[in-house]
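Let me begin by presenting the structure, written as structure tokens, before commenting on it.
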């Protein structure tokens with residue numbers, strides 16, 4: 001009752017704090033206004049999202065972290081996370097540091113143990129906060145709509161083996177609430193159509209749709225005037241905030257003497273782009289301007305199966321020669337530049353997505369494995385990772401160039417980007433688009449293979465761009481092309497966590513993600529960090545010590561057979577057999593032998609250990625044969641039931657054994673006969689069976705309890 005009351009009071013306090021914070025959020029955020037008059041006021045609405053709390057654990061692997069999945073609605077101008085932590089009231093509850101991570105688009109990639117990642121793995125630093133047992137909040141202005149993830153855990157665990165039920169524990173409960181302010185009226189900025197705006201003391205919210213195959217976006221402010229005079233004290237914030245990296249662009253316009261514009265190469269395709277305009281003038285100062293957006297279209301050269309070149313040829317193609325027709329489905333880029341005119345800007349390869357299993361996808365170009373890479377335009381593959389269930393694995397990219405095609409003066413530059421492809425290879429090789437920093441790779445004569453691993457890729461369309469460059473002699477690339485073989489996969493765990501790890505599928509409500517659980521001292525994201533690993537010799541010695549120690553059962557078996565205690569001998573033989581092979585199977589690394597499934601061997605070992613102690617104590621109680629065998633059977637059934645309920649509960653084994661011990665003491669107290677049922681004098685019987693019980697009990701390790 002006391003615990004239930006504490007939980008009720010904690011829930012009431014949490015609701016009160018959330019309600020108070022929501023009122024502060026509404027009161028503190030100014031109602032964004034734009035335009036002239038009250039009809040142009042942009043009203044904001046508030047929304048609150050919450051999930052059921054989770055009990056935190058001390059960190060040992062990624063499964064120890066508690067994951068929360070939220071969806072931020074479109075047109076959100078302010079996001080506030082309310083983080084609530086509560087704990088129990090026992091003596092074991094102390095103030096501990098709680099680490100909370102935030103990430104947009106995918107679960108956060110964390111490394112609390114400071115372990116190494118596999119080779120060719122690209123990891124960005126995580127955005128995190130550390131907090132004690134107190135409430136905290138995190139504010140994000142103009143967050144990106146879509147999936148947001150929050151992960152939390154306690155400090156790293158001590159790795160001590162503790163018997164369940166005998167060590168006091170403390171429950172730390174964590175619950176994040178998401179409060180948002182969303183604009184219900186946002187001005188639509190159409191391409192090449194000036195949009196008049198008037199700013200006072202509140203910002204103006206705009207958005208423009210970026211269609212597919214957009215190469216460049218230009219935003220410009222025209223006709224700026226402050227209270228009727230020339231001047232343009234306006235700050236433009238373009239794009240949405242993401243974590244851990246934020247690529248929002250800020251344009252500050254002050255002087256009317258120069259054109260105020262912002263140029264964004266490769267903006268994110270097929271989505272709305274948020275634009276916020278704020279006045280830098282003082283209060284009650286009116287600033288008027290016209291916002292103009294211009295889109296530059298990209299004319300794609302889509303290679304269908306009938307247009308693909310044979311794999312064995314090494315031909316050069318002129319991208320501007322029009323050998324292949326442009327994609328007929330690419331339209332609607334506005335009046336800035338027509339799609340049907342102008343040179344091609346990319347060579348698009350159709351990609352087949354093959355779903356193989358949960359968080360397991362294969363991507364390959366249609367009808368072939370190789371891509372033709374030239375110097376005129378980049379070759380682009382689009383990987384569809386936008387289903388909402390693809391961010392819980394690892395994206396692996398493996399590229400290999402033709403050995404005879406790549407010379408000493410040629411270089412194949414590769415960029416892996418989300419939201420839009422990198423197309424500016426002729427001016428830069430940094431793989432940076434408007435709002436994303438891509439992952440660069442390269443293929444050369446000295447290195448014809450390149451690999452990249454991206455753990456937990458963001459939910460989006462990903463693009464693989466390749467182009468041939470000749471740094472020393474550009475004219476040499478004009479008549480050269482290279483065939484590049486691609487192997488593109490989304491896998492739950494890289495290399496299935498290797499020989500010293502196990503890939504486990506984790507779940508938070510309907511969201512699935514994978515993580516590696518390492519053994520034998522190996523650590524790391526994919527169990528590749530061997531800084532604390534056991535050697536093969538250490539593994540074999542540990543396995544032999546655990547398995548050969550079961551030979552101690554031979555002495556009790558021999559004594560039981562000699563005294564015609566066949567039931568007891570059978571139980572000891574059963575326990576020796578399954579304990580030997582359970583410990584042989586319960587080993588990490590190479591020294592492993594499993595004759596049955598791990599779960600079956602574990603259950604049989606735990607059952608045999610408990611029943612061995614049970615029959616030993618009852619045999620020492622000097623019961624009548626009929627009553628003794630009835631208790632043997634009943635005790636075995638009770639053990640089987642209790643192990644099914646909770647296999648690692650200490651009292652499931654100690655309870656029946658204590659009952660048997662009470663029966664033994666009671667029978668000894670009531671017995672007046674000189675000999676026991678076991679066929680020996682009383683003193684000798686007690687000594688022999690006490691030694692038998694000690695041998696059986698000494699075999700049961702604490703881990704089995």
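Every residue gets a Cβ built from N, Cα and C, even glycine.
When TrEMBL is compared with the stretches 588-608, 651-671, the one noted as transmembrane segment is 651-671. Checked against TrEMBL, the range among 566-585, 626-645 recorded as transmembrane segment is 626-645. Sequence-distant contacts of the transmembrane segment (626-645), counting only residues of its own chain at least 6 positions beyond either end whose CB sits under 8 Å from a CB of the stretch, comprise 567, 603, 606-607, 610-611, 614-615, 618-619, 652-653, 655-656, 660, 663, 677. For the pair residue 493 (disulfide bond) and residue 527 (disulfide bond), the Cα-Cα distance reads 10 Å.
For the disulfide-bonded residues given as 493, 503, 518, 527, the lowest number of other CB atoms within 10 Å of the residue's CB is seen at 503.
Taken together, the residues in the domain 'EGF-like' (489-528) have a mean pLDDT of 90 on the 0 to 100 scale. Here the CA atom of residue 503 (disulfide bond) lies 10 Å from the CA atom of residue 527 (disulfide bond). Here the Cα atom of residue 518 (disulfide bond) is found 9 Å from that of residue 503 (disulfide bond).
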